[in-house]
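Novice: Next up is a structure, given as structure tokens.
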Amino acid sequence: MSIRSLKENIVEDTFTADKETGGRSLMQSAALRFYRNKAAMLSLIILCLLILSAIFGPYLIPFGYEDPDWAAFRSPPSWDSGHYFGTDQNGRDLLARTLYGTRISLLVALVATVVSVVIGVSYGAVAGYIGGSIDQAMMRFVDIMYALPYILFVILLMVIFGRNVFLLFAAIGALEWLTMARIVRGQTLSIKEREFIEAARATGLSTSAIIFKHIVPNLTGPVVIYAALTIPEIIATESFLSYLGFGVQEPLTSLGTLIADGAGVMEVLPWLLFFPAGVLVTLLISLLFVGDGLRDAFDAKELKR
Amino acid sequence: MIKYAFNRLLTTIPVLWIAITVCFFILRMAPGGPFDGDRPLPEAIKANLAAHYNLDKPLIEQYFIYVGNVLQGNLGPSFTTPDFTVSEQLAVGLPYTLILGGAAFFVSLVIGVAIGVYGALKRNSYPDHILAAIVLMGLVVPGFLVAPILQLIFGLKLNWLPVGGWGDGSISYLVLPVTVLCLPHIARISRLTRGSMIEALNSNAIRTAYSKGLSDTAIVWRHALRPAMMPVLSYLGPAAGFLLTGSLVVESIFGIPGIGRYFINAALNRDYGMVLGTVVFYMVLIMVLNLLVDIFYAWLDPRVRTR
């Protein structure tokens, strides 16, 4: 959607809102704009389907992700045998493994994103609200961290946390908060000048209460958008690490691990590569479009002010 | 200009120092020592090894020894390949990584700018949309997925290109790895170029140039492309870093004996000395490249210097 058509939409929205309903909340008009974005809506539907099948799928199919089917080794995808995605060299059903791998990839992304949101929001809000030389020092630290190659740090952490996947991805989240902190700080700077913060200060609330009860709730919009854009990044990082053999270990599996295994035998058992790869690409693209759609929907609000 | 370069150099040094310090202490937090193998070593041998690598000294003293060694270009010992120091192994791998990264850098710049300029000139036409879609795929589909698919098509089915290795170093061995390494950067560079080129073409300067009666070629190549290149240039510093870290996976997939492969192997074998040395080396390299790009940028755009 081009900027111009966005602007027209906004003008239209404000007019219709004034005439018909007598005003529409920011959330509502953002939701409406998102709803009108076809690519984002389609991606959202696909994403929901992927998430639902990752959660419930493994219970609905008759094969476990680590149980070999002694009657079917290396069998190509077929309707008759019930192995819709085929089986691998050990006779394990690929559909079950792909569903399970998607679940692990999503879970890992969730853990890392939650960690990055918690750190980024508190860091940015504290720096922005306190201001002065503390703000300067805290943001200088963020600048330094930015300059360092992120993936090298991840591999360093991997060498240390290696065996525990969730600890590792909590650590990735602990490195992913930098941009979040910058965005949150910028928002905090403008929020802290508003009257309700002055009122809160006048009632004698402590600094931490003002930050976490009055400023942070008002940051929801940008934080949600940026978190949505962080998730695909983390899924890609996870697949990258698992591909190199660092991330998720057997018998657990993730999309990256499946792709790595499939890539080794792609000449003879091509389905082992193509199904997990298709799921990963679909997942990444739909997450990206949903994140972009959210950003467009909320950014329009900034234009309106 | 020289003052700007000097200031920029001064800000790089503390960043590097902090980075080295953080890496050193993070790796020392790791559980287990470098000599805890499957078979426990006798205590006396362990003590001797520790003494040889200065591991018996207090941590802070080890840190100062390490920083002193790094300053002299000695990145420390490798624990799994004791015959070679980290610096020696890196010296062997570096040319391959630099050739691969340099070729990828050049190719992604040329193709990315070409696609971006074309998209800006023919904006919202069908070729523009199709190119944008292809470029988006390059951004979303991870390299470790593109690589095996390309190997399958061009290496195994069509038999046009070698699947991996370095061979005699001829171009045919470079095509696939460079392609894989380039794709995301072609995507980013072409998007940046397209955006800033459209902005430049809509500017007053270009309207003046048209009204002066200049030819289209002169306007596009001389008057629009030059200012449009500035955002692209500022991306080149980070891009050099991304190319280096991206070559980690490309080198392992295509079996190219560059430093990325040493790094991955060292990390898998938990060779702390090698991991630490390689990370420090990568960081120095990336920061030097960033520094050079920044200075080049300031040379081109005087506004940066005065800020």
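Keep in mind that glycine also has a Cβ here, set from the backbone N, Cα and C atoms.
According to TrEMBL, the feature transmembrane segment maps to B:9-30, B:96-118, B:130-150, B:170-187, B:232-259, B:279-300. According to TrEMBL, the domain 'ABC transmembrane type-1' annotation covers B:94-293.
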Novice: What same-chain residues lie close to the transmembrane segment (B:279-300): Cβ under 8 Å, and 6 or more beyond its ends?
Specialist: 1, 4-5, 8-9, 12, 15-16, 19-20, 23, 70, 75, 86, 90, 230, 233-234, 236-238, 240-241, 244-245, 259, 263
Novice: Please identify the stretch among B:9-30, B:96-118, B:130-150 with the greatest number of Cβ pairs below 8 Å relative to the transmembrane segment (B:232-259).
Specialist: B:96-118
Novice: Which sequence positions outside the transmembrane segment (B:130-150), separated from its termini by at least 6 residues, show Cβ-Cβ distances below 8 Å to it?
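Specialist: Same-chain residues near the transmembrane segment (B:130-150) but 6 or more away: 115, 118-119, 176-177, 179-181, 183-184, 186-188, 190-191, 246, 249-250, 253-254.
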Novice: What parts of the chain pack near the transmembrane segment (B:9-30), using Cβ distances under 8 Å and only residues at least 6 beyond its ends?
Specialist: 59, 62-63, 66-67, 70, 270, 272, 275-276, 279-280, 283-284, 287, 290-291
